[in-house]
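Colleague: In case it helps, TrEMBL gives these features for our protein:
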| type | residues | note |
| --- | --- | --- |
| BINDING | A:29, A:30, A:31, A:32, A:33, A:34 | ATP binding site |
| DOMAIN | A:365-439 | domain 'Lysidine-tRNA(Ile) synthetase C-terminal' |
């Protein structure tokens, strides 16, 4: 077996992580792992600075760790950066678990220090055992292929050049080199679970499968490649199924249904639009629902149209026109418009319902926000009137006016939705077939 | 929650497993799971027979189980099939672990009974907990994506219509219906490990993740779809990288090296040709080796040629000609032929070496088995001679004759490998450059 520094360099080379020209910002807690990382980078002549977070979760011990890392940086004559977080307050304020809060604070701050001081990369001391434990936690908490393929040695600006090494390798090196260190902060609940897998579960399983550690590392390698192939397949479906149409994206329902793994493909296609796995049942429901049903994410709406799922940004949803190609339900910014044929020729009294002479109608109709310059023939009036005038006559507020939509056909307004139909389309004596529009 | 029979029927329908026209052969040990399977098939009016294996591993208990299942079949008025195996002897003879021996005996026999008695499918009582335990055993023993996507409800002729149900569902049903059963055979070592995960590991993990059972079932669903997408990607690489060339398959090395997951792709491409994961390092080595190196499976050879890996069936390897396009090492049925240029004009004495006048040679040469009708000008003789005659003169046995290969150029034989070169290609006084062929 080669020495740790040689294996370190080989791994960096093999994974093409960094070289001596790069400026590295090392994330150092002061524990064995990060102290060994410092030593290795020092021995190998890399150009690095040291960053330490004091989460102030363990009183004096936290301060002791900070002082220790500061001293280490001075001894190695490296730039030192540190910060103190009120982790508890941040967690409480944003309703995060403490572990999650610490993670967010840590990486945000590292990135800030990196960018401000012209470092190329943030380098962490995660090792093979960390990777195994992370995969186990993901696995039992429930995960897809991403969660079992482990941490990657390169993830954006964050590099993990110790993933090749087992905890024992690092401890042996620390002892052989006589490196001093502090005990890692272990009172985060994530660390409790981690320790549980490390100290309880894995030793038990090793009684049945003595090679369990190596087996899990092999798995990670295999799943990593499997994930690449999986992403490759997803990329092809993305290309095939997402059709840009103006500002919207159309997904053909039949084509989607024919794919061999509808749920997974749909989830992956919609992931960039902030839809969550928990919404999947609702979204799958759209495949079998009538037109007009939709599901919202924080940024997007996915709407069932006749042959497509239509994906729109919410800011565009608020004013994007809707084409009405046939009777059915159509979602627009103010709700749903239901369009159907009926024989009932009674004149409705509800302003949210419009009954018009079907023989005067040719699809498609267009449902859109009103705009300056629009005019129509208000029911019962022989002359055309500008909508702006009509609104004044009807004493609409500015806010109300902004929300008005119209239904038009061939540039003629049929209905000012919720207010008045156009006289040209009204039910006449000879009318036998009625088109009923209802705003819900 | 619906009753078990309704969920059973829904799952069968959803997974399109079988219907009332099918004849089902139920694998029944007499334990809770298989007794419930019988009852469900009975209630739902499916057409089934019952098959029971007596592995004779637990003396009287094994016989008691057999008698129990026989009686069950009589009570339900179903055809009954049983067999007794000397499992220990079979395992010893074929060097299998007992569990593995039992598995092989069981499925071989089920298939035999199925085929002889016109059953459409073999139906087993594997349930969701079995599936979880299987996945856990695979995971910790080391596996790829296949091993974490669980048992499939349909695997060829074997159907598993209870995979939707948890053990507890089956036990509740057994109690509610007052079904009698025998204790499952649990002295196979596989069952020990299974029990360890069931009774030790999973309850421990449930302390940290109370939903662990459902999480793992969700994982199985997700990995199942991920595996489909993975196989989809593999199928595309298979199409792109495997080029049929006569009886052989060519894999372009550069194209293979450019793929994003060389190891996995290579392993999957070669899996149908009986190459094993353990051979992967050797096979990967071929990507960086000189021409002529190869790796064998039980049925195939994969050979490094200049720009390709060439995959050949072993029976064709034994007589397939080898094109020699330039100096180098070439593998053929009898060993390797090394071809190189040299300045040494000494005549070799070893019959396994041929030195010929390089100026008389134009590549490519062809290395092939001799055939009837072949002739050449044996060194030192002015007249051509048939090889068949030459072999008689040299007293070759029938077996020796069968193994003779020749090197030819433009239909002229240069060398009867291991015996004599052709006079037309010998080294002459004016020869300055020599081509040296050596059979190793």
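Just so you know, glycine gets a Cβ as well, placed from its N, Cα and C.
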Colleague: Within 10 Å of the Cβ of residue A:30 (ATP binding site), how many other Cβ atoms can you find? Include all protein chains, please.
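Modeller: Residue A:30 (ATP binding site): 25 neighbouring Cβ atoms within 10 Å.
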Colleague: What count of other C-beta atoms do you get within 10 angstroms of the C-beta of residue A:33 (ATP binding site), across all chains shown?
Modeller: 23
Colleague: Give me the DSSP three-state residue breakdown of the domain 'Lysidine-tRNA(Ile) synthetase C-terminal' (A:365-439), ordered helix, strand, coil.
Modeller: 15 helix, 29 strand, 31 coil
Colleague: Check residue A:33 (ATP binding site) against DSSP and tell me helix, strand or coil, would you?
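Modeller: Reduced to three states, the DSSP call for residue A:33 (ATP binding site) is helix.
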Colleague: Given a separation of at least six residues and a C-beta threshold under 8 Å, show me what packs close to residue A:34 (ATP binding site) in the same chain.
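Modeller: Non-local contacts for residue A:34 (ATP binding site): A:26, A:27, A:28, A:124, A:125.
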